[in-house]
């Protein structure tokens, strides 16, 4: 370097006095010294920068870096102070570097050099870290060596029977081996150690796998281990030229470490403190490595990353969510696929711009609407094609399944959907690797303004109602592969979707229980952004780029939602994230009263080598409750067995890890609690449950588990976590399966309830969601008798009598649930059964027996969409209940009086259970002691609009107990046949011989009826069916709800109707006619009572009436199938005449159907109150001993005993081996024992914790444990 380059610093030094130079060098020396000792010093306020040209060589390379950024770690590592010992600095510059000042003597030179401290690059590595950190690094180095040995064993023992599978697996193993070796090399350099690992035996195929590995994009994540050392901040090893591109970063795990994060991420970390904070993380969380950072150009970026830097998505902490908490969100929760499919059908139907779908498994031929028949217009492929033809862009991401493990037909689904229209684009991902992990997200996004997240795929085997029917011999609801039972038979060839895979007359289907959440506003935008990031990461040049919608949205709801993910670079193109696990841990730690979990799997840290801490936190919270003598409950609902045959290897593996978490092992949940708390009854604190049901199929009883596929957790009636993540490492570790979930709270819309006997303020949304789930499990919801069952299916005692040839009294006992149509058509003669079972008395006709709280129902899990989406206002589909309960204020118990053959009368109390023998546990009578579940403004009778409507449509009080006669014409039914409801349970029971019939529901006149179009907002739906002498009344009046929680940026106006003077006059005339007809009917009833005592109707007359009823139903079905879409105007044109006809809606829906899609569940009313009148069960307090032991535990114990007694070959504690299980499958069901099934209540059973206890369930092959964890 020339002398001119050295003269400016020398001249500057001569002009300054000597002491200031010494102070400057002292200041810089201390600064460098502290920086070398503390990496966290980067985030502190540094000392003022000094011009280093005055005492360092101008020609030194690090000078530019120092001037550009004096506070970064890379600068401190690259900064080099020249001293007399730096003889290797290179070339002629070494002599000039030794001269700081030509006018100073040698002693001054030495003194100045002694004041310059060594830099971080000149410090030995073992001085830069604490002893604990070095110990952790050493432990990790040993662990990496063991993992490399395991990889070698797997490479050497790999079977080459299948060349394609051999290459795929070897590529994956080679990739893992390379990643482990890179990390081990970094640790060796840090610790100054030498690690030697034996290389695997070479094979001829290694050259091919190496070439493919170089071509295929590799995952950024460098950690395949679950237990790695912790560190406070990411430690970048870039201190010399050999490691400028390598780094080692670990995630914060302790309270102290999380508070000392680096300054580069402090702003984004603080962004989440109001929602999910790392300060609440358990100190027992084993850390895991985060992806390697690319530190080139002093920027923390990822190669090919699509995550914008400087945003919350770029947060380096994998435990924190990338998306912020969103306030004022409207949330709808859907239980079982019947409700969700109807809501999704309406949402897609009303899409105007875009539809995004992600799926683990997708069947284009799945039917979304199945009542009153399988609707071809709402088959998924037809619906998507129709919307694509209307100009809507449809983008779908499917998991490209591993062919060696499963076959879900993703290629067929992609080809079929893309053939429908050019506006449908489908991506399969990943192309080859990773082999073991999957895309497990299940989402539906409409116009980036409404989103659904949960565990439901649009595929076969998912559709179900809350009754979970087992049989469908006539393919009424489940067609072809949709009738599915993987436990007793395979799905078969998925390429032939409408061929049955099992024999419907011998094998029951496996019911499916699942949950979805719908959100709007910014929460939906977050789900859309997740999809867009994934799409842009997965796509190739053929597919278009997607863009995020930034249009402002107005908040309309009351809930707080935060999007959680399990993602990695391979699955989403960004940094690793496992915020779902963080949310679960924090919610469990913060629980005060109870935890309710439904999940497909339960594999956690109490099983060997499992990382996630869910079970650890549960045990810790239970121990705390025991120590403080608190009342604390943990409900865990999981499947009885996995969806497969128990002899299959993968099913055994799943069972092994689940049992290793719960009970089989010294450190399992139950063994640990029993050992640490030997004097405590653990049933008071934790219970493991499953769901099961039964049916009568072709002369024998069958049973099957209700497969729990939901992934949710409810805490203290205030917090919900719902999504697609199972409780296992696959879903929670972040590096494996891609998952999505929401954590939902609502601190604005609250309700006064009870908790452990004390007054408690709960979230109305969460409280009602729990009620909906528990009513289903306890059997407190009305029966949905569709598809219709055989006549004897619902009366077990009569089936036993039939087999004993006791035919003399059959007609006095047979259940007539499915013959009510015949009874109603033959009121004068038909007395086929004198003992009427009113299992369905909770249905839509008997609404006087249920509580109704208008505001509560608005926040219950919606059962069917009634409000619709349009281009300017987006609303999540809400429920349309089928009862006019808003006008009902009485809650008396209804009894049905029957007449036996001797003429005496017997009163039989109605029940909500499968049989009428169980009358419920009387825990608490409805009185003042029960808490008030609704404020005055919540009650429907306090709504002025509903009061006026009730006054208009309700008959006089004196007529309440008189049977109403028909006033409508059959033509009205045929005109409005799209929405008619003709299920058997909706028909009123025949009049009794000794007592007047039960009071009918309030009537509404046809003048106030609106047949809503799918683009309008909620309304009334009343249809009357003139069937000889009886009336079918269906009231789906969602406009009676005084507040509807809508998922929209702008609420749609509520459609109302005004009654003109002429209409009122017509209504009065109709009421007068009704009174006259009622008087005539009373006379007919008296005559009927006399005839009943004299003679019984002949079988020939009964058959004639039955044929007549069937002909009328066929006529209605033909009329329904002949209706075609209307093609007039885009606007609603209300037209009516003065004759009292119903108001008609004429729309221009193009190729879209005229009516809105409906679910079967929406046609049945379920009380919104926690108190169930029929059974005297109150669900308000989930922790009180009366409910917990008297109802919950007692129901599970009773059902478990009954099922274990009746059915020999089901998962139960007495079966210890697979051989024993196979032998018991050959034993038929005893009809004598089947009488016990009449006592089954709901579908709760205890999980068989000792099932196959004597069987070795652990998989025998290596390197596959993480598949099941």
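Just so you know, glycine gets a Cβ as well, placed from its N, Cα and C.
Small disclaimer: the values here were computed from a predicted structure and weren't measured.
A coil conformation is recorded for residue 440 (active site) in the three-state DSSP classification, outside any helix or strand. Residues or ranges marked as active site by Swiss-Prot: 440 (among others).
The feature active site is assigned by Swiss-Prot to 442 (among others), with sequence analysis given as support. Long-range Cβ neighbours of residue 442 (active site) (same chain, at least 6 residues apart, Cβ-Cβ under 8 Å): 358, 359, 360, 453, 454, 455, 456, 457, 516, 724, 740.
Annotation source Swiss-Prot lists active site at 447 (among others). Other Cβ atoms within 10 Å of the Cβ of residue 447 (active site) number 22 in total over all chains.
If you take the C-beta of residue 709 (active site) and look for same-chain residues 6 or more apart in sequence within under 8 angstroms, you find 455, 456, 512, 513, 514, 600, 639. Secondary structure from DSSP puts residue 709 (active site) in coil. Residues annotated as active site in Swiss-Prot, with sequence analysis given as evidence: 709 (among others).
The feature active site is assigned by Swiss-Prot to 711 (among others), with sequence analysis given as support. Within 10 Å of the Cβ of residue 711 (active site) there are 27 other Cβ atoms, across all protein chains.
Here Swiss-Prot flags 716 (among others) as active site, drawing on sequence analysis. If you draw a 10 Å sphere around the CB of residue 716 (active site), it holds 20 other CB atoms from the protein chains shown.
A mean pLDDT of 80 is what the model gives for the coiled coil (131-192). Residues or ranges marked as coiled coil by Swiss-Prot: 131-192 (among others).
Annotation source Swiss-Prot lists coiled coil at 803-835 (among others).
Under the heading coiled coil, Swiss-Prot lists 1059-1096 (among others), citing sequence analysis as support.
Residues or ranges marked as compositional bias 'Polar residues' in Swiss-Prot: 55-64 (among others).
Feature annotation from Swiss-Prot assigns compositional bias 'Low complexity' to 65-87 (among others).
The annotation compositional bias 'Low complexity' is assigned in Swiss-Prot to 95-114 (among others).
The feature compositional bias 'Polar residues' is assigned by Swiss-Prot to 222-232 (among others).
If you look up Swiss-Prot, you'll see 233-269 (among others) marked as compositional bias 'Low complexity'.
Summarising the annotation, Swiss-Prot assigns compositional bias 'Low complexity' to 810-850 (among others).
Feature annotation from Swiss-Prot assigns compositional bias 'Low complexity' to 859-906 (among others).
In this structure, residue 716 (active site) belongs to neither helix nor strand by DSSP; it is coil. The Cβ of residue 440 (active site) lies under 8 Å from the Cβ of 360, 399, 724, 725, 730, 731, 737, 738, 739, each on the same chain and at least six residues away in sequence.
Remote same-chain partners of the domain 'PLD phosphodiesterase 1' (435-462), defined as residues 6 or more beyond its termini with a Cβ less than 8 Å from a stretch Cβ, comprise 168-169, 172, 334, 337, 340, 343-344, 347-348, 350-363, 365-366, 368, 380, 397-399, 401-402, 404, 408, 429, 480-482, 484, 486, 491, 497, 510, 512, 514-521, 523-525, 527-528, 530-531, 548-549, 553, 570-571, 600, 709-711, 722-725, 730-731, 735-742, 869, 874-876, 1047, 1049, 1266-1267. For residue 716 (active site) paired with residue 447 (active site), the C-alpha to C-alpha distance reads 34 Å. Under the DSSP three-state reduction, residue 447 (active site) is assigned to coil, being neither helix nor strand. Counting in whole angstrom, residue 447 (active site) lies 26 from residue 711 (active site) by their C-alpha atoms.
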